[in-house]
Amino acid sequence: MDRFIIRGGRRLTGEIEIGGAKNSGLKLMVAGLLTSERLVLSNVPAIADIKTMRDLLVGLGITVEDAGPRTLSIGGEIGSVEAPYDIVSKMRASILVLGPLLARAREAKVSLPGGCAIGTRPVDMHLKGLETLGAEIRLENGYINATAPDGLKGDRIILPFASVGATENLLMAATLAKGRTHIVNAAREPEISDLVHCLNAMGAQITGEGSGTLVIDGVEKLHGAHYAVMPDRIECGTYACAAGITGGDLLLVGGRADDLGAVIRTLEETGVEVLEEERGLRVRRSGTLQGVDIMTEPYPGFPTDMQAQFMAMLSVAEGASMITETIFENRFMHVPELNRMGARVNVHGRSAIIRGVPKLSGAPVMATDLRASFSLILAGLAAEGETQLSRIYHLDRGYEGVDRKLAACGADIARVSD
């Protein structure tokens, strides 16, 4: 099993290219289920979750071909409607094949999902929304069995929470439903807009992205398209924290300020400067990090996927900070590992109090989920001495070439195999 060895204390300078968004690329691949024609996606990140989604689509009878560097061609007839446990258990996003299978094949059998061990992440909203569109759903032996023998029918769906996954599943299902569908309290994340733009390029009729209410006029069929996956705003924010925690100066090539409003505002409150340039975002820090209070919220609020990275940075900031997690349960699993490195973090329910310390110390630590993995890398970059990070397969799910990108900017980091 691979691990990272990090020797901290080096200031990062240089350029890092931001790849395609994991949280968009996965959903755009699933959109390929909605047509027999070819959906050609470019700027697809080379990460483990993309490979898992590829395996899932192939298992459903869809052909997925390499069509160039970071480019996939997806399409074909659906040969199976079962998404099995051995694949779905690896990745939470697998649940998103449910809506497209129902819309196009009128039936689906999808294992209840796995993925990161972050709270319960219930799928109730997905299922209730699909039932509103006319699906019949039964939960049996760990599987979701869904049918819509007469096809899905447009209706009004009000989500009790602006769930990203439920919005995406219902949005894709509604593109082939009969009539008009309203999704009220829809998620507003940039990745939702990316999915809307891709679906519209395939012939869907969707309006309202970013407004909180999506309006979908169903069509009989979708066609193929060429589409580029948006840059990964979470990867961009993560490397911005790397510049912040090391007092560095990084140009994040391809980074877009429009996707990172709350993150940029919070970085600036801590004393990290973010400048828009022609090729991306320049992030640098010359002064002292300052403590701030953060509350995670649905977009356009502060993203839960950036919480762990900011905690690492705030652990060496002046003063006290508080992070309140409102999206997921159990998303402070990185706290004991940070504390092993000398951080002073106490968890009280959904809030974590961080009292900044002058320095962290290298230690053996273990990753617990995707974003927590990178928070420990950040801590290792700032720590005195050597940090060994194990279970980095979590990291490989969502970040491409971490050691290569960081080393090119001056980090002392190496991947080793046991």
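Using N, Cα and C of the backbone, Cβ positions are placed for all residues, glycine too.
Sequence-distant contacts of Asn23 (phosphoenolpyruvate binding site), defined as residues of its own chain at least six apart whose C-beta falls under 8 angstroms from its C-beta, comprise Val164, Glu189, Glu191, Asp232, Ile234, Asp305. Taken from Swiss-Prot, the feature phosphoenolpyruvate binding site covers Lys22, Asn23.
Residues or ranges marked as UDP-N-acetyl-alpha-D-glucosamine binding site by Swiss-Prot: Arg92, Asp305, Ile327. The Cβ neighbour count for Arg92 (UDP-N-acetyl-alpha-D-glucosamine binding site), using a 10 Å radius and every protein chain shown, is 18.
The annotation 2-(S-cysteinyl)pyruvic acid O-phosphothioketal is assigned in Swiss-Prot to Cys116.
According to Swiss-Prot, the active site, proton donor annotation covers Cys116, on the basis of sequence analysis.
Long-range neighbours of Lys22 (phosphoenolpyruvate binding site) (same chain, six or more residues apart, CB within less than 8 Å of its CB): Pro45, Ile47, Asp49, Ile50, Asp232, Ile234, Glu235, Arg397, Gly398.
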